[in-house]
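Before any comments, here is the structure.
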Amino acid sequence: MASLSKPSLPSYLCFLLLLLHVSSSYGGQFRVIGPSHPIQALVGDAAELPCRISPGKNATGMEVGWYRSPFSRVVHLYRNGKDQDGEQAPEYRGRTELLKDDIGEGKVTLKIRNVRFPDEGGFTCFFRDHSYQEEAAMQLKVEDPFYWVSPGVLVLLAVLPVLFLQITVGLVFLYLQHRLRGKLRAEIENLHRTFDPHFLRVPCWKITLFVIVPVLGPLVALIICYNWLHRRLAGQFLEELRNPF
């Protein structure tokens, strides 16, 4: 009787194995694994947030989704084999896509197009199989390719082309001016070689008189002749008035 009432060692082992099986079936069917480091994306580009279950198994019939706090805003939801676009938050409608090529192995990726600064922060991925659900958190870091450029640098970048153009025009002008001066200097030297040095030492008033007299001489002679002719005709006209017959 004593031997029958005392539990045997194999009975204990069977009981422990049964507990482990039940706990593995209901307490830990799978776990969700996300990226261990923040996902980086540039403004305007696309970001991909991977998520998977372990151990891997077919997740086609599961409910898969991403949401954000606060208020558990739905970023993307997959249920009954279809994307539930109507349940998305307004800011993500038309911008997300669930990549399901490896969903048979329990691997999916959420693609967010046209990334914006408000997209930066935490996302939560979840897998739900009937009443069992597991989830994993991940971070998205959004960067601007010009984040390092201060307003002063932007102003400098805008002014530099104009300044460069002005400097270029100024250098071209100085070059042309120097070339023109050299040409004029050469022409003046040629004139010095052409003219007699003795002529160049003549006083200026003599040169002026030498140039003006040939021009004004005929003009003065013409004026004198005109006055003489005018007086002669006037005298004849007066004489005819005195002796009409």
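Backbone N, Cα and C define each Cβ position, glycine as well.
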Partner cysteine of CYS51 (disulphide bond, per Swiss-Prot) from CYS14, CYS125: CYS125
Nonlocal residues around CYS125 (disulfide bond), in sequence order (Cβ under 8 Å, 6 or more apart): VAL32, GLY34, LEU49, CYS51, VAL64, GLY65, TRP66, LEU110, GLU135, ALA136, ALA137, MET138
Neighbour count (Cβ, 10 Å) for ASN58 (N-linked glycosylation site): 11
Model confidence over the topological domain 'Extracellular' (28-152), averaged pLDDT: 93
Three-state secondary structure, CYS51 (disulfide bond) (per DSSP): strand
Tally of residues which DSSP labels helix, strand or coil - the domain 'Ig-like V-type' (29-143): 12 helix, 61 strand, 42 coil
